[in-house]
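See structure below.
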Amino acid sequence: MASTFFKNRRVYLLTSVAYMGSLLFGYDTGVMGSVLALKAFKQDFGLPTTSNGFNNARNAYVASNVVSLLTAGCFFGAILAGFLNERFGRRYSLMFFSVIFLIGAAVQTAAHHEIGMIYGGRVIAGLGIGGMSAITPVYVSENCPPNIRGRVAGLFQLFLVTGSTFAYWLDYGVSLRIPVSTKQWRVPVAIQLIPGGVMLAGLFFLKESPRWLMTNNRHAEAATSLAYIRCESEDHPEVVAELAEIRAALEEELMATEGVTWKEVILPGNRYRFIVAFCLMFWQQASGTNSIGYYAPQIFQTVGLSKSSSSLFATGVYGTVKMITTGIFLLVGIDRLGRKWSLVGGAAWMSAMMIIIASVLATHPPVVGSGTVSKASIAMVTMIYLYVIGYSASWGPVPWVYLGEIFPTRLRAYGVSMGSATQWLFNFMWTKITPEAINNIKWRTFLMFGILCACMSVFAFLFIKETKGKTLEEMDVLFGAVSAEQRRDDVERAMMEKKETAHIEHETAAPLKV
């Protein structure tokens with residue numbers, strides 16, 4: 001394990017810098033969900049301070065706007081990323097979107113008594129986060145060796161939940177330690193500028209994706225970049241073989257489509273991948289996870305933890321459970337259990353937990369104004385924790401890993417951009433309607449999510465193909481874009497061409513004997 005980690009140390013370094021974007025997404029969602037429950041924020045922006053959860057229509061309306069506007073910005077950022085990612089490369093595109101995020105974070109921090117500034121800052125920050133979410137899975141997957149790709153690419157989710165967990169506990173801390181004032185909510189909102197700045201600075205020291213360089217006919221730079229990330233020399237057999245496989249896959253794509261990128265999408269092997277990616281990200285949002293993640297303090301108040309400090313503490317525990325489970329799953333689960341069965345089992349587990357929550361909330365609703373926490377409320381909080389354990393070991397990290405690995409090189413940026421935009425579109429929808437749903441249909445909201453989770457399990461069983469242990473170029477064979485025999489022949493031909501080119505260069509460079 002130690003030797004594998006050391007050999008792939010540059011992969012992990014690249015991942016740590018790139019996934020700061022995921023940490024920012026987690027932090028920004030977590031911090032605002034908890035800030036909305038702070039009395040100081042309500043006072044500064046003229047919101048009712050005497051109601052808890054979503055029992056007040058005004059609080060529910062503002063909360064849904066603050067959260068959903070971020071996801072609206074993310075949707076457009078993800079779409080824009082698809083074009084910038086292909087035109088300017090992974091690294092420079094990430095730099096651009098990190099600057100956009102920093103501007104949005106600064107606007108939120110500077111807001112004072114005008115909820116419109118919060119709204120505007122959320123949209124701008126969302127553009128940055130959405131763009132980063134569409135690029136980082138591509139950038140990391142294209143640099144990962146197949147034997148650790150599931151674990152490393154899945155760190156996207158671990159960074160995300162680490163960011164949200166830190167935000168949850170920070171908000172709990174400021175609610176206890178900082179008196180009710182503007183400073184109480186402004187400090188946690190401002191802290192997001194730190195990881196944003198770290199990410200921007202770190203990107204200056206990384207190299208471009210070798211697959212993107214190869215796509216743009218920059219073969220020498222691609223060889224240098226791949227050798228660097230693999231900690232080997234450019235003539236090492238593993239580096240030579242991987243470059244040959246990348247080159248063979250690109251040549252096959254060009255021959256099949258004559259260089260017209262948009263036609264590639266409708267080819268049978270690619271069409272299936274795009275449809276599965278769209279459905280996968282749709283179902284991830286239909287699980288109800290972000291509805292709980294964004295509004296955790298208010299939801300804990302809804303199920304019976306009426307005090308603000310109690311709900312914030314429960315939210316911190318929720319984030320911690322999510323972070324620990326995600327880390328364990330990435331370490332020992334995703335590359336052993338695989339993608340398909342993790343999704344099938346996780347969805348079934350989440351469905352059971354949501355239906356139990358709905359049943360308890362329907363039969364034992366919390367007593368408004370009660371100073372104690374009932375056994376039914378404790379049971380519902382426990383079910384929420386068990387639900388997030390199932391999510392963190394399945395539909396949390398796996399869709400992002402799957403999205404980053406299934407597409408061919410020439411379509412990967414567009415495919416991940418489409419999947420990411422889908423995620424943000426339905427993220428926006430669910431986060432917009434969740435406060436209103438809980439305010440109006442109560443326990444039936446959780447029943448709805450339980451039914452949707454059951455449908456997710458069926459979808460994964462029927463349509464998800466197992467990808468663990470396969471190289472990115474082998475995905476073409478798995479999804480039927482090319483036969484295994486053709487790929488093998490093309491790789492052998494690419495390696496022969498490489499050897500012939502090297503031999504000719506050697507003969508040309510050799511001094512003449514007299």
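Cβ coordinates are placed from backbone N, Cα and C, and glycine is handled just like the others.
Feature annotations, reproduced from TrEMBL:
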type     : residues : note
TRANSMEM : 12-41    : transmembrane segment
DOMAIN   : 14-468   : domain 'Major facilitator superfamily (MFS) profile'
TRANSMEM : 61-85    : transmembrane segment
TRANSMEM : 92-111   : transmembrane segment
TRANSMEM : 117-140  : transmembrane segment
TRANSMEM : 152-169  : transmembrane segment
TRANSMEM : 189-206  : transmembrane segment
TRANSMEM : 274-296  : transmembrane segment
TRANSMEM : 316-334  : transmembrane segment
TRANSMEM : 341-364  : transmembrane segment
TRANSMEM : 384-404  : transmembrane segment
TRANSMEM : 411-431  : transmembrane segment
TRANSMEM : 443-464  : transmembrane segment
Problem - Feature contact check the transmembrane segment (152-169) with the transmembrane segment (316-334), CB under 8 Å, 3 or more pairs - result: yes
Practice task
Grab the same-chain neighbours of the transmembrane segment (152-169) for me: Cβ-Cβ under 8 Å, and only residues 6 or more beyond its ends, written as numbers and ranges.
Solution key: 8, 11-12, 15, 19-20, 22-31, 34, 136-137, 140-141, 144, 188, 195, 293, 296, 312, 315-316, 318-320, 322-323, 326-327, 329-330, 334, 392, 396-398, 400-401, 404-405
Completion exercise
Maximum Cβ pairs under 8 Å to the transmembrane segment (411-431) among 12-41, 92-111, 117-140, 274-296, 341-364 is reached by 274-296
Handout entry: Close approaches to the transmembrane segment (12-41) from elsewhere in its chain (Cβ under 8 angstroms; 6 or more beyond its ends)
Key = 5, 47, 49, 59, 62-63, 66-67, 70, 74, 94, 97-98, 101, 105, 122, 125, 128-129, 132-133, 135-136, 139-140, 143-144, 152, 155-157, 159-168, 170-172, 174-175, 180-185, 188-189, 191-192, 195-196, 198-199, 202-203, 205-207, 229, 290, 293-298, 301, 308, 311-312, 315, 319
Exercise for the section: For the domain 'Major facilitator superfamily (MFS) profile' (14-468), provide the mean pLDDT of the predicted model. Expected result: 83
Practice task
Count, for each of 92-111, 274-296, 341-364, 384-404, the Cβ pairs lying under 8 Å from the transmembrane segment (443-464), and report the range with the highest count.
Solution key: 341-364
Handout entry: Close approaches to the transmembrane segment (92-111) from elsewhere in its chain (Cβ under 8 angstroms; 6 or more beyond its ends)
Key = 18, 21, 24, 28, 73, 77, 81, 84-85, 117-118, 120-129, 131-132, 135-136, 139, 186, 189-190, 192-193, 196-197, 199-200, 203-204
